[in-house]
Every structure is written in structure tokens, then in C-alpha cells.
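Undergrad: Take a look at this one; I'll ask things after.
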Amino acid sequence: MRQALICLAVGYGFGCFLSAAFAGRRRGVSIFQVGSGNPGMANAMRCFGFGTGMAVLAGDILKTVAAWLVTALLFGRTAAVAGFTALGAVLGHNFPFWHRFKGGKGVAVTCSGVVLMLPGWGFAALIAGAAAVILTHYLCIGAVVIPAVFIAPAALTAGPAAGWTAAAMTALAVAANWKSLVKLVRGTEAQVDVIGLIGEKIGKNKKS
């Protein structure tokens, strides 16, 4: 229990660093007040360009890995340690104390977490999530699919603790994307051509 709480605390501390918020400050704007207002890669790319979006993605991945390195040194490189640390990082990203507990959706952090827990199954979950987005054009579906399909492999391969952390990350993904999921059910959620959007941003980046 003590080990899990420490992993959660370390993860939360690192998770509170929002790469997109930092990128916005460098441009003299608040990422919370432009585009969708979400401090994540997609909004950063939409508002600031492909390069900045990739930098934000890298930052979110690195903070998750950094938190895991700390807890791995303390408790060893187990799936449970990685899981609780990643869960803490998602909580920090989604509910940063310095922004009145209003943050992002934790997609990149969740993706990093499942890979750190079980690399093989983690990458398989990422592929499943990417396929869901490409086929449906709904980002919210991919965000939920990734941790959801990871629950069973985590529980069966690494034990109950890993399964519960994956389930908790799924619950957080559903909560973070709840408005979009409701719109999806009602048929009012906007579709996104991810491949086309990335191609468009790369083209603009080359021209500039």
C-alpha cells in the first residue's frame, strides 16, 4: 500500500507539468484559452503547428518516463510500479493542483503508461486505439479503447494490481472524454481526419 501511494505521488508530481501550457506561455498565450482549450498535443498542433504539437507529445511522454525512472529505482521495474506511477501521472495531467485541478485528457500519458507496464501488450493497445481513430475518425474512441483493451492482458499477465490500474486509467479516459462520448451518442461529435490533419500541418510547417 505504501509503495503504491508513493508511486502515485511521484507520478502525480511529474504529471502536473503540462507541456502544452509551457508551449503556450512561450508564445504569450494560454493554451487553456485557444482552440479547444485542452492542454494536449492535438490542441497544441492545431493552434501552434506540427512541430509544437510533436514537442508537446514528447514532453508528455518524457514526464511519464521520468516519473517511472524514479519509482523504478525505488521499487524495481515491475508492471505494478509502472502502473501506479502512470496512474498518478494521468491524475496529475488531468487534475493539476496549480490550475485548480483542471487539466488535459491524459491520452499521451496513458499511452506511455501502458507501454511502460507491458511493452508488447502496450504497443498492441496503441495499435488498436490508432486503428479505432482511423476507422471511425473519432479521437475520443481511441482515447478510451487504448486503456480498455489493455485491462485483460495486464491483469492476466502481470496480476490484479496491474489490471486495476489499467481499469482506473480507462475510467479516467471515459471521464476526460465524457462530453465527446455523449455527443458521439447523440450524433453531434465532430469527426477528425487525423492522417489528413497531420499531413496538412506538415505541409504548412515546410512552407513556413
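Positions of Cβ are set from backbone N, Cα and C atoms, glycine also.
According to TrEMBL, the record shows the following:
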TRANSMEM  39-58  transmembrane segment
TRANSMEM  65-87  transmembrane segment
TRANSMEM  107-128  transmembrane segment
TRANSMEM  135-155  transmembrane segment
TRANSMEM  161-178  transmembrane segment
Undergrad: Please indicate, using numbers and ranges, the residues of the same chain that are 6 or more beyond the transmembrane segment (65-87) and have a C-beta under 8 Å from a C-beta there.
TA: 3-4, 6-8, 10-11, 13-15, 109-110, 112-114, 116-118, 154, 157-159, 161-162, 165-166, 168-169, 172
Undergrad: Between the stretches 39-58, 107-128, 135-155, which wins on the count of C-beta pairs under 8 angstroms to the transmembrane segment (161-178)?
TA: 135-155
Undergrad: Counting only residues 6 or more past its boundaries, what in the same chain has a CB within less than 8 Å of a CB in the transmembrane segment (107-128)?
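TA: Residues 15, 40-41, 57, 60-61, 63-65, 68, 79, 82-83, 85-87, 89-90, 93, 142-143, 145-147, 149-150, 153-154, 157-158, 162, 165-166, 169, 172-173 contact the transmembrane segment (107-128) from elsewhere in the chain.
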